[in-house]
Amino acid sequence: TADTDGVQLKSVTHGNGHGVDNPAFQAEVRCMVSYTSTHLCFKLFKPITAIENFLKAHSRIIKYITLGILGAGYVAYFIAACWLDFHRAIALVVLTCVAVFFTVYDLVKKYKGDSIKRIFKPAIRCFKANIRWIKWVFIVVVVGLLVAWLAVDTSKRPEQLVSFGGVCLFILGIFIFSAHRHAVRWRTLFWGLGLQFVIGLFVIRTQPGYIAFNWLGAQVQTFLNYTQAGTSFVFGGLVEAGIFAFQALPIVIFFSSVMSVLYFLGVMQWVIIKISWIMQITMGTSPTESLSVAGNIFVGQTEAPLLIRPYLKDMTKSEIHAVIVGGFATIAGSVMGAFISFGIDASSLIAASVMAAPCALAMAKLSYPETEESKFKSEAEIKVDGGDEKNILEAASAGASTSIGLVANIGANLIAFLAILDFINAALRWLGGMVGYPEITFEVRSEIISTYALCGFANFSSLGIVIGGLSSICPSRKSDISAVVLRALITGTCVSLVNACIAGILVVPPLDCIRVFKDSVFNTTDVNIQTCCYDLFGSAVNNGTLVSFEGSWSLVKNATVYFTQCCQLYNETNCM
């Protein structure tokens with residue numbers, strides 16, 4: 001061997017025809033190339049590394065600057081949108097106000113919560129010292145107001161007392177068959193029914209509530225119309241043919257996919273936590289069961305328990321029962337979307353789903369009261385669980401896939417329900433015809449009430465879904481789930497019926513003006529005559545020589561006669 005410049009060259013006995021192969025020489029060359037490349041890469045990436053280190057060192061400042069720029073941009077956009085067309089920007093205003101309110105609340109609670117508690121500590125101590133008589137005064141006042149309201153409100157419509165009697169009957173029945181009657185907490189029951197009644201009163205009887213939920217229903221309807229883009233591409237002309245399966249059922253797939261994305265982003269968890277907090281502090285229920293029942297307003301009976309998946313194994317039997325009742329007593333957002341596409345009033349569906357949540361917790365705790373010590377006392381102990389998806393695309397795809405079975409279930413139940421409803425209507429018309437009332441059907445006033453009654457998943461086909469779904473989430477509690485699921489099914493059915501009874505108390509049937517004009521004497525003291533006359537005036541069009549009518553009055557044969565009689569009582573500008 002020979003040694004040249006520190007590199008040892010080995011003798012070889014063969015060549016490749018173009019020179020001699022020397023492994024030692026090739027290894028040295030590779031080493032030199034590698035060193036050169038590394039040194040070059042270091043020089044090239046040195047500025048990038050410096051920038052990265054700078055961003056890490058000043059990440060907090062950069063974060064605040066970025067948020068400030070984005071915030072300023074959104075404020076500018078918000079002002080411009082409101083300035084150009086405030087009516088069009090109402091949805092933006094509502095969403096912004098809600099987001100700002102809860103953001104400010106969270107910030108105040110985080111940074112000033114302890115200070116505020118110290119300020120109100122004397123008042124809280126005084127309140128706790130006198131809680132006994134304050135509670136009884138509150139109960140007496142509420143009961144007195146309820147009795148007075150019922151007496152005044154039902155004086156003209158005594159049939160509403162039937163619905164009130166229905167509420168009392170269901171409460172009594174569930175109490176009689178309660179698993180532990182001695183352990184019933186009446187605070188939970190009455191607060192749950194109170195929240196349900198207040199929500200119903202706000203939606204059905206007040207003008208702001210009616211307008212707000214009608215607006216919300218219209219926004220949901222507009223959102224669901226985007227389904228047409230996907231269904232038209234897949235089914236083509238079948239969508240325009242008016243075939244139900246190609247128009248309504250794809251909405252379930254679309255809504256389920258959207259809810260899955262919102263779930264992945266954490267939006268639904270944030271909304272659910274806020275709603276569950278209200279039920280928790282008023283009804284005294286645990287954070288886990290409150291979260292799950294609140295989640296059922298938006299997602300299905302097997303998806304909502306995923307919010308509390310890590311805690312199911314440590315929950316009491318009463319809490320598991322409440323979770324299952326919440327699933328039976330409410331409908332998922334995807335099913336709500338399908339129902340809206342059927343022509344069912346969107347505001348009534350949204351209100352029914354929200355009203356059912358506190359009622360479900362109340363009736364669940366009446367049917368299966370808590371006798372064990374819950375391990376979960378405060379919201380701080382609970383971390384809301386999310387889905388297993390890795391990105392938004394996977395979340396959207398998973399949501400669409402999980403809705404396939406739901407679509408088939410909806411189609412099957414609709415076939416059965418509509419057939420039964422038509423049979424009941426035919427039977428009522430036949431029975432009514434025997435005594436001169438062939439127009440009797442299961443519709444008109446009962447249509448809205450039925451919306452509230454049917455806004456749930458309490459059916460025997462759901463038993464298998466619940467047992468299979470919850471058992472797969474928490475196999476160790478399968479025996480407990482199976483033990484309470486039938487009781488939960490009955491309780492969930494009662495919740496939907498109580499919901500309908502509350503609606504029956506609050507819903508005022510539309511005035512039948514044609515019957516009023518036929519059966520009443522025209523005079524100014526009759527409130528119904530006055531209401532119907534002004535409704536008729538509003539639809540009348542007087543061109544100077546002839547009076548015509550718009551809307552439903554255009555189909556009434558004696559509208560001109562009624563109009564003349566109304567003009568004799570009230571001197572309206574469009575009277576001839």
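We count from 1, first residue shown onward.
Glycine too: its Cβ is placed from the backbone N, Cα and C atoms.
Note that this is a predicted model, so its numbers are computed, not measured.
For 61-80 (among others), the entry in TrEMBL reads transmembrane segment.
Taken from TrEMBL, the feature transmembrane segment applies to 86-108 (among others).
As annotated by TrEMBL, transmembrane segment applies to 133-152 (among others).
Remote same-chain residues near the transmembrane segment (158-177) are listed as 150, 184, 189, 193, 363, 366-367, 491, 494, 497-498, 500-505 (criterion: CB distance under 8 Å, separation of at least six residues from the stretch ends). Positions annotated as transmembrane segment by TrEMBL: 158-177 (among others).
What TrEMBL lists as domain 'Concentrative nucleoside transporter N-terminal' is 166-238.
Marked as transmembrane segment by TrEMBL: 189-213 (among others).
Here TrEMBL flags 233-254 (among others) as transmembrane segment.
Confidence annotation: the domain 'Nucleoside transporter/FeoB GTPase Gate' (246-343) carries a mean pLDDT of 79 in the model. What TrEMBL lists as domain 'Nucleoside transporter/FeoB GTPase Gate' is 246-343.
According to TrEMBL, the transmembrane segment annotation covers 261-279 (among others).
Per TrEMBL, transmembrane segment is recorded for 320-344 (among others).
What TrEMBL records for 349-443 is domain 'Concentrative nucleoside transporter C-terminal'.
The transmembrane segment annotation in TrEMBL covers 406-428 (among others).
Residues annotated as transmembrane segment in TrEMBL: 448-473 (among others).
The annotation transmembrane segment is assigned in TrEMBL to 485-508 (among others).
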Segment proximity, the transmembrane segment (86-108) to the transmembrane segment (485-508), 3 or more C-beta pairs under 8 Å: no
Long-range Cβ neighbours of the transmembrane segment (61-80) (under 8 Å; 6 or more residues past either end): 55, 89, 92, 96
Same-chain residue ranges lying at least 6 outside the transmembrane segment (189-213) that approach it to Cβ under 8 Å: 142, 167, 171, 278-279, 282-284, 347, 350-351, 354-356, 358-363, 365-366, 498-499, 502-503, 506-508
Remote residues contacting the transmembrane segment (86-108) - C-beta distance under 8 A, at least 6 residues beyond either end: 78, 116, 215, 219, 274
Helix, strand and coil residues within the domain 'Concentrative nucleoside transporter N-terminal' (166-238) as assigned by DSSP: 63 helix, 0 strand, 10 coil
